[in-house]
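Asker: Got a structure here, written out as structure tokens. Questions coming.
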Amino acid sequence: MSTQTDKKVPESFGKRQLKRAIQQLKIIDKPVLIITIILLIVGLMMVYTASSYLAISQDLPANSYLIRQFIFVLIGFLPFFGFYFMNIDKLQKRKTINIMVSIMFILLLIVLFIGEARNGARGWLSLGPVSLQPIELAKPLVVIVLATLIAQHQREITANGYKALIKKERFLVFSLLGILIITFLFPDFGGMTLVASIMLLMILGSGISSKWFKRFLLIAVIGYIVMLVTLNLIDLSHIDNYQIRRFVSFANPFAYAQSDGLQLVNSYYALAVGGFFGQGPGNSIQKTGYLPEAHNDFIMAIIGEEFGFIVVLLILMLYFALIVYLYLKAAKTRSIYHQMILIGVASYFFMQLFINLGGITGLIPITGVTLPFLSYGGSSLLATSMMLGLALSALRRDFQMKHKRPVMTAYNPTLNPNK
């Protein structure tokens, strides 16, 4: 009879981490993941068809932009899964927040003074063969910072509004305003509008009085009417700045059809010619040099031209399903911090969709905002990947809180069983 006892060999650190990762992947939010994969596949297909003529005209293979976009997608999975597996609650630490904000400010200031200018905006940082738009990375940072501020000061905000927050958190509040100011100085009106809109929607979703929402809506409607009237009175011939001229020309694009209104007019043509069922895959005329940025800002116009209104509607349904799903999940989330993260990410997709589609249809000025998942570009895809990683991580943490045990956190006092 053996006197030796079997000893259990302890698992290695790597094996434990792998098991943990597999367990976390099993509870990843399936609807968000499925919609993401579908939109990424559609995006790769449309980047290829929208950019093939441009690539050939540049003496490149027809699939050059497709290959680059596919590489961007693969790179995007790194921050996507990085944020998903991360405990995003640790991002609320003041030291971490201050470091991230400081680095972002340095990057934005570098771009402001020595950045590469494209289409009238100095928003690019060239790193050898790679170009980066730091403002894209600022978008998820804004969501994290504002979610942290709202979660940590929810009681003061509910009782006294945001005046108390400004007094207590001057550095972070003025940092957020500083990001907007620097973006305006680029000038990147699209980036500034998007960041400001995300901040505003997060504030409106933080439990602030409904009277503020009504005031904002009234101001927005009056401002839009005043803008339309004013822009119709402006003579573009005296304006040198490309960004401003493109912004102004949307009010009457056909008056500038051969110059600053060219993109919008040809976008109209693409959507009109496409009709309900489109001209067929690859049969777009506007992408053959008539519509600048066909594979980028105006990719939805090419989708409409080649596949028609029906396919455009189906794609929009996917976007709205993702946005509504995230907002509904936010309403049911137990942690205020996770709730604000979800509201911020949903607002990012909603406003990016609204600004892009509003631009190509002439509802609002063209500002160069891309379409998430579909438009060509590494910086935009990187920001989208980070946003999705944040949202899925918040959903995972909320699932674990609900199905295992309540997680005590200072950011949600309602979970305290002693109260």
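Using the three backbone atoms N, Cα and C, a Cβ is placed for every residue, glycine included.
Here the structure is a predicted model, which means the values were calculated and not measured.
Pasting the relevant annotations from TrEMBL:
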type	residues	note
TRANSMEM	32-54	transmembrane segment
TRANSMEM	66-85	transmembrane segment
TRANSMEM	97-115	transmembrane segment
TRANSMEM	135-151	transmembrane segment
TRANSMEM	171-186	transmembrane segment
TRANSMEM	192-209	transmembrane segment
TRANSMEM	216-234	transmembrane segment
TRANSMEM	307-328	transmembrane segment
TRANSMEM	340-367	transmembrane segment
TRANSMEM	373-395	transmembrane segment
Asker: Let me check one thing: do the transmembrane segment (192-209) and the transmembrane segment (340-367) come into contact, meaning three or more Cβ pairs under 8 Å with sequence separation of at least 6?
Answerer: yes
Asker: Three or more CB pairs closer than 8 Å, sequence separation of 6 or more: does that hold for the transmembrane segment (135-151) against the transmembrane segment (307-328)?
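Answerer: No, these stretches are not in contact.
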Asker: Between the transmembrane segment (307-328) and the transmembrane segment (66-85), are there three or more CB pairs that fall under 8 A, provided the residues in each pair are separated by 6 or more in sequence?
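Answerer: Answer no, regions not in contact.
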